[in-house]
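Novice: Once you've had a glance at the structure underneath, I'll fire off some questions.
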């Protein structure tokens, strides 16, 4: 009896997390893995995160719909932890359908997911405009933060409210009565027309209704039926509102713990946790970045890696791989294996550096401090590795990769004590090596 009580259920779910500041290349991995799983779930964030997928000579950027939508046998779910801009969602559905992929019957949206309203976007921009210089958070202006603020203040409007016009009108009028006072009295800006928003959002109910369901119930029934689930995170661990470089973070939990609260899938159903990291480091917007390179090397990384934000188009800051930060992310999210992306960006570097520790006030430290007042003062300590000066794009196995590229991967495994199982050696689906 004791053995039965304490036995662990067979794991049905895998979590995929970014282990840096976002933009790690999760889209390619999800696209590749989607034919191995029955269901792909997006569990947090909103249209502030872009996942880029390259296939059949096309490059597609998705912000809300899970990357698995391009596998015709895969069911995609937008979970309760996501905040949804209905305009962005409908545009994305149209984009996918224009590419020849049927969405109906394959896309499910949580009835409990919160909505991003026009006043959220307005307040997002107004709030950011009041901050100066380095204090700016670097928000995308998509209304993500204000929507989450309303969610936790218990004032949010959810997808289920969109389907009941009377409830929608009541909640919109109640919310805008308060928001307009803030906009006019504090920010001294023109108030938002309540009736115009009501008219606009009333039209979304028919368009979104076919996709809406209780996804928590749906997912757990699928687990009982033996289906497998891939839980896809947006952004990265270092942007987590609780565990990231606060205050320069996102408004949700990209770490693996957020996968459960943002989907309704319990932790005991999770088996593997795959961490995705670039072979170097990038960051968009403000915030501490110990290995940032403001020189020709940083410029080269950005140019070769095409480092521009998929959502905002902003130029990404670039630097060497930071093992101190990466080790922290691996620990916080309980990463069981790593997927290394954009290794090909390093193909032309004779010398490659990796940060192995920091110097802080004359002392060497190995733990990652998330607080700005400490992280802003650290200096990276680097280990130099030999570059490979060759392409690995045609390699079909780890053994076929250049010996120095193999040495780089092996070094990361030893330093992080986590196996690297997936190596992206180019943007295409077939430019992938498994270890």
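Glycine residues also receive a Cβ, built from the backbone N, Cα and C atoms like all the rest.
As listed in Swiss-Prot for this protein:
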- 22-28, 50-52, 316, 342-344, 424-426: GTP binding site (BINDING)
- 23, 24, 25, 26, 48, 49, 50, 51, 140, 154, 235, 250, 314: IMP binding site (BINDING)
- 23, 50: Mg(2+) binding site (BINDING)
- 23: active site, proton acceptor (ACT_SITE)
- 51: active site, proton donor (ACT_SITE)
- 310, 311, 312, 313, 314, 315, 316: substrate binding site (BINDING)
Novice: Can you give me the Cα-Cα distance between residue 51 (active site, proton donor) and residue 25 (GTP binding site) in Å, rounded to a whole number?
Specialist: 7
Novice: Distance between residue 313 (substrate binding site) and residue 25 (GTP binding site) at the Cα atoms, whole Å?
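Specialist: Between the alpha carbons of residue 313 (substrate binding site) and residue 25 (GTP binding site) there are 16 Å.
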Novice: Can you tell which of the binding-site residues 22, 25, 28, 52, 315 lies nearest to residue 235 (IMP binding site) in space, using Cα positions?
Specialist: 22
Novice: Where among the binding-site residues 22, 25, 50, 313 do you find the Cβ with the fewest other Cβ atoms within 10 Å?
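Specialist: Counting other Cβ atoms within 10 Å of each of the binding-site residues 22, 25, 50, 313, the minimum falls on 313.
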Novice: Quick one: what's DSSP say for residue 316 (substrate binding site), helix, strand or coil?
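Specialist: DSSP assigns residue 316 (substrate binding site) to coil.
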Novice: Can you figure out which of 22, 25, 50, 343, 425 (the binding-site residues) comes closest in space to residue 316 (substrate binding site), comparing Cα atoms?
Specialist: 22
Novice: Filter the binding-site residues 23, 48, 50, 314, 315 down to those whose C-alpha lies within 10 angstroms of the C-alpha of residue 343 (GTP binding site); answer none if the list is empty.
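Specialist: The binding-site residues close to residue 343 (GTP binding site) (Cα within 10 Å) - there are none.
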